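Reading through the structure tokens given below for one structure.
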Amino acid sequence: MLKGRHLLDPTDFSPGELDEIFDFADQIIQSPAQFNHLCDSSILATLFYEPSTRTRFSFEAAMLRLGGNVVGFSEPTSSSVAKGESVADTIRTVACYADIIVMRHPKEGAPRIASQYSPVPVINAGDGGHLHPTQTLTDLLTIRSVKHQLTGLTIGCCGDLKFGRTVHSLIKAASRYPDNRFVLISPKELRVPDYVTADLATKGIAYQEVERLDDVIGNLDILYMTRVQKERFFNEDDYVRLKDVYVLNAEKMRLARQDMIVMHPLPRVGEISYDIDDDPRAYYFKQAKFGMFVRMALISKLLGVS
Ligand code: NCD
């Protein structure tokens with residue numbers, strides 16, 4: 001039963017519950033017009049304390065396509081946050097007006113605090129360098145749709161694995177499905193946090209950490225590229241030194257298998273060259289579209305109207 005639940009961590013829902021969301025997303029993809037009035041008169045609030053394009057727009061578009069309405073801010077300085085209001089008080093207030101709340105916050109754990117004060121479902125739309133569960137739903141739905149399975153995959157994650165919350169979320173969620181393996185490709189300074197690898201080791205899941213993309217790209221089913229997370233660096237010089245370590249281009253794609261797919265949560269800032277956008281293996285814009293459909297399914301399930 002998903003009605004009334006929060007989504008703070010990608011493992012808050014069981015694989016069975018995720019399938020329920022993905023199956024419903026598939027139905028919406030088949031005939032979106034059928035669901036135009038599913039959330040008539042419901043209100044979604046988007047509280048974005050950090051910049052966003054895809055996540056906020058796809059949530060808002062999802063709610064509007066379900067017939068619901070949207071309120072919120074994309075810039076905390078335009079709300080009472082600028083006057084010093086706490087997350088707890090903002091949430092208690094917004095929950096008086098909205099039926100479901102989506103929150104992105106620079107501090108890890110802020111959406112969890114919000115959920116403790118909220119009588120309506122709270123969805124974590126990214127908390128600092130920690131987790132981004134709805135990007136993971138997007139990623140899993142994309143993989144399921146293209147590969148027709150979520151098991152037995154060799155998943156390469158490349159770029160800023162230290163601060164990239166989408167990677168932390170994806171590894172956490174994908175490691176629950178049998179026989180997936182992870183190839184973690186990053187400079188030493190941007191390796192995944194120890195807690196991520198410790199969790200893989202405890203579960204006995206195969207992973208390797210490497211620095212060179214060229215050496216491993218030919219083994220991958222999925223290459224998940226990520227941006228170096230400028231805003232989470234303490235030091236501009238380190239960012240400048242590390243930002244262009246990986247650039248996926250047509251030449252590198254020649255080393256990859258014909259059935260490997262390239263994913264990226266976006267935005268990209270140079271790590272994928274425009275010359276591969278027309279390669280049939282480039283999935284990042286299709287992935288962004290799956291993001292809207294999976295959020296339509298998620299909102300409906302949490303509101304209990306599907
Ligand atoms: C990601 C994020 O915000 O973590 N973007 C997104 O939601 N699609 C990735 C990023 O900003 O690099």
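Using N, Cα and C of the backbone, Cβ positions are placed for all residues, glycine too.
Now, the feature entries from TrEMBL:
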DOMAIN    5-144  domain 'Aspartate/ornithine carbamoyltransferase carbamoyl-P binding'
BINDING   R54, T55, R104, H132, Q135, L266, P267  carbamoyl phosphate binding site
BINDING   K83, R165, R227  L-aspartate binding site
DOMAIN    152-300  domain 'Aspartate/ornithine carbamoyltransferase Asp/Orn-binding'
Residues in the domain 'Aspartate/ornithine carbamoyltransferase Asp/Orn-binding' (152-300) grouped by DSSP into helix, strand and remaining coil: 64 helix, 24 strand, 61 coil
Sequence-ordered binding-site residues from T55, R104, H132, R165, R227 with Cβ under 6 Å of an atom of ligand 1: T55, H132, R165, R227
Distant-in-sequence Cβ neighbours of R54 (carbamoyl phosphate binding site), under 8 Å, six or more positions away: P265, L266, P267, A288, G291
Per DSSP, three-state class assigned to R104 (carbamoyl phosphate binding site): strand
Nearest recorded site to Q135 (carbamoyl phosphate binding site) by CA-CA distance, among binding-site residues K83, R165, R227: R165
Of K83, R165, R227, i.e. the binding-site residues, those within 10 Å of T55 (carbamoyl phosphate binding site) when Cα atoms are compared: none
R227 (L-aspartate binding site) to H132 (carbamoyl phosphate binding site) - Cα separation in whole Å: 15
Tally of DSSP helical, extended and coil residues in the domain 'Aspartate/ornithine carbamoyltransferase carbamoyl-P binding' (5-144): 70 helix, 25 strand, 45 coil
Binding residues R54, T55, R104, H132, Q135, L266, P267 (carbamoyl phosphate) - maximum C-alpha distance in whole Å: 16
Of R104, R227 (the binding-site residues), the residue whose Cβ has the fewest other Cβ atoms within 10 Å: R227
C-alpha spacing of K83 (L-aspartate binding site) relative to R104 (carbamoyl phosphate binding site), in angstrom: 19
Span of K83, R165, R227 around L-aspartate - largest C-alpha separation, Å: 32
Rounded Cα separation (Å) that holds between R165 (L-aspartate binding site) and H132 (carbamoyl phosphate binding site): 6
Carbamoyl phosphate site, defined by R54, T55, R104, H132, Q135, L266, P267: further same-chain residues with Cβ within 8 Å of the Cβ centre: S52, T53, A125, G126, T166, P265, G291
